[in-house]
Amino acid sequence: METLKSNKARLEYLINDMRRERNDNDVLVMPSSFEDLWELYRGLANVRPALPVSDEYLAVQDAMLSDLNHQHVTDLKDLKPIKGDNIFVWQGDITTLKIDAIVNAANSRFLGCMQANHDCIDNIIHTKAGVQVRLDCAEIIRQQGRNEGVGKAKKTRGYNLPAKYIIHTVGPQIRRLPVSKMNQDLLAKCYLSCLKLADQHSLNHVAFCCISTGVFAFPQDEAAEIAVRTVESYLKETNSTLKVVFNVFTDKDLQLYKEALNRDAE
């Protein structure tokens, strides 16, 4: 049973456990600040392969992450819709949102970002949810026998996040402009696949990150238009009661989504 009382002590335990696993016997002076300890832990967790972990590790990790992740939670019930009763735009950290599901912009290997301390959404979601998500994703890939295709959607538990589930989708990667019709359609398919999966599992609400607009380089304005158009068409054509949150992080994306929703209303 997990008995460590502070998150700093938990971080030190997890760091030492992962270093032992790597046969890292170099002398390490533990950082004194929580922030530096977190960065060390996060980097090790990011690069750790999808291998089994001990019950003790999980207990310590879950106690720490659950505590940290529930300190600053935004509940969907506290948000006001921007259009109708079921479309929301919210600026903030998607990993703090209490909701049925959040959408993760994954890569085709489907194991989460394995670059230490990288600030992509895939890295942040996996880090804050816990190692179990990587293990679940690895099992999905093992069962299907191939990398994840662009435009599909798979569901895992949210584990230590306020969100109950994570829906993972691989968006198109843009290598040249203008964006091709094929890649526009693939991005729309990402949103459609996530919406269908949410309804298939009787979820009440889902929050989308800005799929493909980070390192995958989809232009933000085009992506916002496609996201809004696809979601609104789906809700109208299926009569779905699903509540949809467009989660944005930057001021630019916030403005783009507001403009896209206003244009669609004209």
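Yeah, the Cβs are placed from backbone N, Cα and C, and that goes for glycine too.
Now, the feature entries from Swiss-Prot:
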- 74-265: domain 'Macro' (DOMAIN)
- Asp93, Ile94, Asn107, Cys120, Ile121, Asp122, Ser212, Thr213, Gly214, Phe216: ADP-D-ribose binding site (BINDING)
- Cys113, His118, Cys120: Zn(2+) binding site (BINDING)
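On the structure: features taken from Swiss-Prot.
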residue: Asp93; record: ADP-D-ribose binding site; DSSP class: coil
residue: Asn107; record: ADP-D-ribose binding site; DSSP class: coil
residue: Cys113; record: Zn(2+) binding site; DSSP class: coil
residue: His118; record: Zn(2+) binding site; DSSP class: coil
residue: Ser212; record: ADP-D-ribose binding site; DSSP class: coil
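The sparsest Cβ neighbourhood within 10 Å, among the listed binding-site residues (Cys113, Cys120), is found at Cys120.
The Cβ of Asn107 (ADP-D-ribose binding site) has Cys113, Asp122, Val170 as same-chain neighbours under 8 Å, each 6 or more residues away in sequence.
For the ADP-D-ribose site, whose annotated binding residues are Asp93, Ile94, Asn107, Cys120, Ile121, Asp122, Ser212, Thr213, Gly214, Phe216, the maximal Cα to Cα separation is 20 Å. Taking only the Cα positions, the spacing between Cys120 (Zn(2+) binding site) and Gly214 (ADP-D-ribose binding site) is 7 angstrom. Mean model confidence for the domain 'Macro' (74-265) is a pLDDT of 96. Cα of Gly214 (ADP-D-ribose binding site) to Cα of His118 (Zn(2+) binding site): a span of 12 Å. The Cβ of His118 (Zn(2+) binding site) lies under 8 Å from the Cβ of Asn46, each on the same chain and at least six residues away in sequence. Other Cβ atoms within 10 Å of the Cβ of Gly214 (ADP-D-ribose binding site) number 17 in total over all chains. Other Cβ atoms within 10 Å of the Cβ of Ser212 (ADP-D-ribose binding site), summed over all protein chains shown, number 28.
Cβ atoms within 8 Å of the centroid of the Cβ atoms of Cys113, His118, Cys120 (the Zn(2+) site) belong to the same-chain residues Asn46, Gln115, Asp119, Ile121, Asp122, Asn123, Ile124, Val215, site residues excluded.
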